[in-house]
């Protein structure tokens, strides 16, 4: 990694969360205790940001080659004497090895960058433990959510945050100043009691994805089992035909669109339930139930998983003709037609059904791709609220409608064919239509003028049983005001 690239902070030198009182600190001397990967990356970034760096090591001659030449590598005691701000880049279990430096460390600012291996592994946070060992020092928790790779490459995304907490406001400001010069965004998380939460953040594995993933897996297992019974178990029991070869591709490919379609409808169903709640209670100030609130917060993840399943379905569908079993079936069909001397097997209805089915499916996948792309922070940040709402709400609902057409053209008239009811079970696609059609019907009802106007008034602050002044757009585009109550 070239020093020239790293020496260019990508963020301006504003203060902590825009605090103008924080001033640049480049040029001051910073100490680093430790010689591991994080300490080395930290030293490189500090040097390239214009700081003088002194690294304290128990074996400086052996470790000097790991650090940039501009950094001074010396014994720990010597490094501590030369600076007032020291990054403690050692593991918690090695804090006790620094106790011999207690007198030299007195009055210094110690920045604890450590993490644990498990969430809430200790009763107290690492930073609080360090503060208890060195009561004469001021301890600041920070930089633990930044990886060694990010330190070396710099905050290239321009949005990398450094969470900071301490009981000393001045010490926090000093560390925040250093973080800004390095090209990061400092975020004040409050007093030292927040250190435990900050240390837990890097240990969480996709916290916002747990419920959506479990939901997707649950739907997949349900639909997979249902399709397995219809496509494999039924012919094996009733006709003694071995069709277990369908499990890896055909059964999975039949299951994926079901999951994608239902998951897409589940993105918009909580909005419908929220609107029903507001209409029923006549206010927007009543809290939603916790389960609905959580559902609303996970809509982005549910939508992305819907797109993932739809994309897999497209790939599986493209690979269907490549299977050996498909080739055997084509040859078998051709032989039967030759034996029966059928010269024309063209079925106009089936041809049109498949053409419409594939075309509508491609459009639906394209819209889902657009929804997935605009949900990425880098893209979403370039859109204003109206643009983002139009894509995610309007185009998302259009994608749901087109997906419904895709499903209907796939099923066509097979819902009325008694041969399609295996073990008296209806075709899978009929089950997938229940939730999406409910959402579409509810959306249509909510757009009726009488209901739409009432819902709009509620979302503008009108409450049932109270006189509230409201402003609504008229048919000419102008705004008119008035007063209303539950009796209007």
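Yeah, the Cβs are placed from backbone N, Cα and C, and that goes for glycine too.
Looking at 175-197, 428-450, the stretch flagged in TrEMBL as transmembrane segment turns out to be 428-450. The feature transmembrane segment, as given by TrEMBL for the ranges 211-229, 230-248, 325-343, sits at 211-229. Looking at 388-408, 451-471, the range tied to transmembrane segment in TrEMBL is 388-408. By the Cβ criterion (under 8 Å, sequence separation of 6 or more), the transmembrane segment (428-450) is not in contact with the transmembrane segment (302-323), since fewer than 3 such pairs are found. A contact between the transmembrane segment (388-408) and the transmembrane segment (211-229) is absent, since fewer than 3 of their C-beta pairs, 6 or more residues apart, lie under 8 Å.
Same-chain residues lying 6+ beyond the ends of the transmembrane segment (302-323) with a Cβ under 8 Å from its Cβ atoms: 212-213, 215-216, 220, 249-250, 252-253, 256-257, 259-261, 263-264, 266-267, 361, 364-365, 368-369, 371-372, 375, 396.
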